[in-house]
Each structure stands twice: as C-alpha cells, then as structure tokens.
Amino acid sequence: MDPTGQKYFTIIDYVIFALLLVASMAIGLYYAFTGGRQRTTQEFMYADRSMKCLPLSLSLMATFQSAVAIIGTPAEVYANGTQYWFIGCSYILGLLIPAHIFIPLFYRLHLTSVYQYLELRFCKAVRICGTVTFIFQMVIYMGVGIYTPALALNAVTGFHLWGAVLATGLVCTLYTALGGLKAVVWTDVFQTVVMFTGQLAVIIVGVHQAGGLSDAWVKVRDGGRISGIDLNPDPTVRHTFWTLGVGGVFLMLSLYGVNQAQVQRYLSSRTEKEAVMSCYMVFPCLQVALMLSCLMGLVMYACYGNNSPLEQQYITSKDQMVLYFVMDMLQNFPGLPGLFVACLFSASLSTISSAFNSLATVTMVDLIKPHYSMTEARATLLSKMLALSYGIICVAMAYLVHLMNSSVLQAALSIFGMVGGPLLGLFCLGIFFPCANSIGAVIGLAAGLVMSFWVGIGGFLSRMPSSVQVLPLNSTNTVPAASGNITGPAVIDAASRPVGLNGLYSLSYMWYSALNSSTVVLIGLVISFMTGPTKGADVASGTVYPVMRTAQSLLHKLVKPSACCTSPPEHTQIDGHKEMNGNIKEDAGTEEETETFLTSNAVSPVEHETSV
C-alpha cells in the first residue's frame, strides 16, 4: 500500500468504466425507440403510469442517495465516527408519513405536477410560487450532483475537472431527453446494483488490507470511531441523535413527501397500493446504502488511522478521500477501481437525470400548458427540449459548488433544508390546516425562504475565514472547530457556546428543514387568521387530510381493540375525500371510492387542465 503519488486507471479500468456508461446510455436509447417511443407527454413524464414497485423503490433511493452518499458519508464517518449513522432513525417517520398521508392524497387527485395541488388548495399564484421555488432548488442541487463525480475523476485519474463536468451533463441529458421517465427509472435500477457492488468490493478488499475483520474492529474502536447515542439537546452541535433522528425527519419529508422528482415516481405507479409499497421498500434500500457508506468510512480509518491523506497533503479536499482510498487499496486489482469510479459516476447520473425529468415536467405542466394550447406531439417535443435546456443550465451551476467551502454531503443536505424546508411547510399548511388561505400561504412561503437564506447564508459566511473541522470524538460537547487538523478534538463549555445571531448562524444544518417549514406554517396561520381564515365549504374536496377524525379513529381502536374485528357503524366510516374541515358528507360511498379517494369514474379536478 503506497500512499504517495498520483494514481491512474489501467486499460481494464477504462474499459469497465466506459462499458458501464455505454450501458446507461443504451437503456435510455432502448426506451427512446421501443414501446410508444416517448411520443406522448404521458409516456415521457409518467411512463404511461405502468411502473412496478420494485424498480420504483430503487429509483426513489438512487435519486438522492448517489454520489453524495458515496463520497460524503464515508469521509464524515472517517473523521467523526459513526454518529451520522443515526440518521437512519429518521427514515422510519420520514417514509411512513409520506406513505400514509402524502402519497394517497396526491395519487387520488390524479395530479401530473405536485404543484397542481397548491392551485386546488389555494390559488394559481401559490402554485407558481411553489413551482419557481422548486426549480431554483433543483438547479442549485444539480450543481452538487454534477460537480461531485467530476471532482472524483479529477482526483484519481487526472482527468480535467471541467471536462468531466461537461461529460457528466452531456451523458445524463441525452438519455433523459431521449428515453423519458422509463429510461431514468431503469438506469437508476442498473446504477443502484453497480453502486452496491462497487461499495461492497471496496469494503471487502479494505478489510483484508487492514489485517482482517477483527483487527479492523480493534483499530476503529481504539480510535474512537464507534459512537454512542449523543443525547445533547444543543441544536448548534452539528451531529447528535436529535439533529439526525428528529431534524432528519423533516429533511426526509421534504425529499420523499413533496419533492416533484419523488412524487412523479409515485404517480407513475400502476396503482395507489404499488405507490405506497414502493415507499415502504425504500426503507431497506436506504438502510443498506447507509450501512455500506458508513462501513466504508470505518474501513478507511482502519487502514489509515489518524494519518489522513488530507493531512499528509496527498489530496486537497476531504471529498477526495474516498476515491484516493479506492485507488490506493485496489491498485493491485485491475478493473475494480474502474468499477467503483464508474458506479460513482453512474449513480450521480441517476440523481441528475431525475432532476432534469422533474424540472421539465413542472415547467411544462405548471408554467407553459396553462397559458398555451398545443398538440400532443409539440408538447412532447417541447418537454424534451426543456430537459435538454436544464442540462445546460445545471452544468453552469457546478461552478458555484466549486466555490463553496463545505463538504458535498453538508452542501447537498443544506440546499434541501434551505429550499425544501419552506416547500414542505407550504404543503403541510395546506394539507393539515383547512383554515389556511392563499395570502397566508404566499407570505408564509416568503417568510420561510427569508429565514432559510438568512440562517443558511449567515452560517456560511461566518465559517468562511477558516475551514470547518470534523472531529474524531463523540463527546456531547464536541463541535466543529476552525482548525485544519482533521483529527484534533475541540471541546467547549457553556460559557463559550455561541449566543444571539452567532447562535442562530451556528444552528446545525440538519435543523434547517425543520426551522424553515415551521416558519412557513406559523406565519401562514397568523396571516390567514388576520386576513380571514378559509371556510370549510370553500376548501376543495380531497385536498385536506382529516387529522382529527383519523386520530379519533385510532384512539377508538386502541381503547376498544375488539372494534377492529367488527365493522363500525356507517356514520363512523372515515374517508378523507368526504371530510373537509371537520364536516362529513352524507354520502357513504362505495368500497372502490374509499380505496381510491376519488371515484374511478369521477373527473379529476386537474384532468381537464393537464390534458394537452
């Protein structure tokens, strides 16, 4: 194991790398020239609503768990220990809530864009505000998605950084624009398998290089990388159980509950049941991805210890550590470095292509179609051109990421907390509070965005003079320090804890989504009551979740378990479609209507608008 010198690909590595990229392109071309050949917007954007739950679950996971997780999570665990692993606790509520609240509500309204819900619940102005906010969020995030694999290629092969950025953008833009959602989903499936295979290969070889499983365990244990549960309630501490397990729930809800890229996959399912099942199946997929990424970080520490390649100045960024480790450990195994780097590159493509597809969809459905009538063929062509245009825009955003003084993991999660949090709050305001009105929704969203950028940018600027240090200890009073030594601890007491604006700017990035979504809800409710709350009769049918009646039903079942075995009286049957603002409509409905929220033969509130 020679830690010095630049590592390069062999011919076999390049061949494997090229084959995997060609395979990703081939999947996109296959769906471009088979089936309906992407001639309709229904096929291009929603795969004819014919997808099954297994490929959808893998695609849902791959969308936001690709290059960021592969590069960022192992580097985080190597430096700070396994505390980050507790984010897996947030996956429980972060997926159960979308499965039982968001997915049924959106699916039964027969939406094409998730932001159509905002118009049904509030007004067109709120819908446009939500759409523009989402576009802004995803364009910025795509800068991270494109820059990450390019940085990896530059670190391990010497390939020109911006040449790699252009290559990444070109490959994913082409197969997304040609193959539509079917191509995106099935390339996600292929890339997920490759990603898991590459990570597992690195872990096995790394454990062997560290002297075996028992020796590796002793090294990481003695090095303090096995973290216990940190119950420190201080929200300024970067990673604790509360920031990860509780703050992470809000982050997960913004990703898997109301994000168009994910909702678009739910809506492409054949049935609502399969959409819900795909959300359930994401849970084990995410846990496996998190486990492999964390194990890679531990294996890295078992091999290097405190002699970090970054500290030895063999690399210039913490986010290059994983790829340096791969090239260092696998240099005697021709083909494996190419396999891992290709899995990183292709996994990043899954994230970027999902964003391109969802951006094209919301732009077409929310901003263009309501104002211009066009034929089906022209609408499909325009959708493909939009996907191509967003590819070009997102490549340019990679330069902004290049200027950020932060890890790719923290940068990605911060972006979703800063922009995804207000969007989550906007949807929660409409779904759970029937009294909220349009004025409250717009002002609440604006307040949430102001709060998010105030705290996020303020925190970023406050850290600019020095690099953020990640620490090896899992002490309850351990925080990032402003030192370049990646292994040096920093301990503070209560007297030196940041206060005032500094305390707000020091808020852990994992709390961004919770803070911003709560701001939207609180401000939105206050403004709604000041300007006149919405009356129950004015709320569109099927747009509000019956919180109180559902809670009463659950309490009734808990108090009287025997009631679960018998049919309740007709007047206690609960159907979210029939209850708006506490008022239950008299029509009991059929079993089919109860299952689908809206009757199968009823015209969806958005059916007329979304037809081309």
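Just so it is clear, glycine is given a Cβ too, placed from its N, Cα and C backbone atoms.
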Write down the single range among 563-587, 588-612 that appears in TrEMBL as region 'Disordered'.
588-612
Criterion met for the transmembrane segment (128-147) and the transmembrane segment (381-402) (at least three Cβ pairs under 8 Å):
yes
Given the cut-off of 8 Å on Cβ pairs that are 6 or more apart in sequence, determine whether the transmembrane segment (339-360) and the transmembrane segment (439-461) share at least 3 such pairs.
no
Cβ-Cβ under 8 Å with the transmembrane segment (12-33): same-chain residues at least 6 beyond its ends:
171, 174-176, 178-180, 182-183, 186-187, 190-191, 194, 334-335, 337-339, 341-343, 345-346, 349
Within the same chain, where does the transmembrane segment (439-461) have neighbours whose Cβ lies under 8 angstroms from its own Cβ atoms, ignoring anything closer than 6 residues to its ends? I mean 6 or more beyond.
118, 122, 125-126, 129-130, 133, 404-406, 414, 417-419, 421-423, 425-426, 429-430, 501, 504-507, 509, 512, 515-517, 519-528, 531
Could you check whether the transmembrane segment (381-402) packs against the transmembrane segment (159-181) - three or more CB pairs closer than 8 Å, residues at least 6 apart in sequence?
yes
So what's near the transmembrane segment (53-72) in sequence-distant terms, Cβ-Cβ under 8 Å and 6+ beyond its ends?
144-145, 148-149, 152, 184-186, 188-189, 191-192, 195, 199, 255-256, 261-262, 265-266, 268-269, 274-275, 277-282, 285-286, 289-290, 293, 319, 322-323, 343-345, 347-351, 354, 407-410, 412, 416
